[in-house]
């Protein structure tokens, strides 16, 4: 399905990193590695922290030895409460997410693997745990960044090899905060994403996103930064190769 969606799309897509981040999907995500230009990152998403056990850890450690697996993640903290549209208050849930996030950071560091981080409604705890468990030079991709400019600047200042990833959200009219973060972030510290199948950029909002949409994200970032699309693509390509070693 993803290959069909890419056919005929106007894009400059050379390669992408496909993420598997829940126990049930790890094998399926790994199956994409057989295709040229597709690399992998594997971990346990915070909303699936309950899946973490010795078996999953062993499985992920084995996957990290696969030739085209370039990172650990996504992992992190997600305190968003769908019912209240605010923060989850349950201390047990928060504690479990913190424990699983810390464990995965420690493993990524021990393996010298880049880390893909997810953070949502958990800025203070995310920064605290990252400062505790990651060397300042460790390569980090903070995925689908939609948090505050305050967190963005704190992360960029603390971690020299950290990049912020931006998705189709940056094209939305109701995302001025994300657009402001882009303006305040050096282009060389930005990565392009689609977070497919979610967050399809304008003019495809509400449809299934795919990697071929990344050019629309690049166009919006170029507009916000006052530079050309070509410069955005070239700079982000260089950063992607640097962070992921591909």
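Even glycines carry a Cβ here, placed using N, Cα and C.
Curation plays no part in TrEMBL annotations; they are all automatic predictions.
These come from TrEMBL:
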{"type": "BINDING", "residues": "74, 195", "note": "divalent metal cation 1 binding site"}
{"type": "BINDING", "residues": "118, 143", "note": "divalent metal cation 2 binding site"}
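Taking the features listed in TrEMBL, we show where each one sits on the structure.
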residue : record                               : DSSP class
74      : divalent metal cation 1 binding site : strand
118     : divalent metal cation 2 binding site : strand
143     : divalent metal cation 2 binding site : coil
195     : divalent metal cation 1 binding site : coil
Among the binding-site residues 74, 195, the one whose Cβ has the most other Cβ atoms within 10 Å is 74
Here the binding-site residues are 118, 143; the one whose Cβ sees the most other Cβ atoms within 10 Å is 143
Rounding to whole Å, the Cα atoms of residue 143 (divalent metal cation 2 binding site) and residue 195 (divalent metal cation 1 binding site) are apart by 8
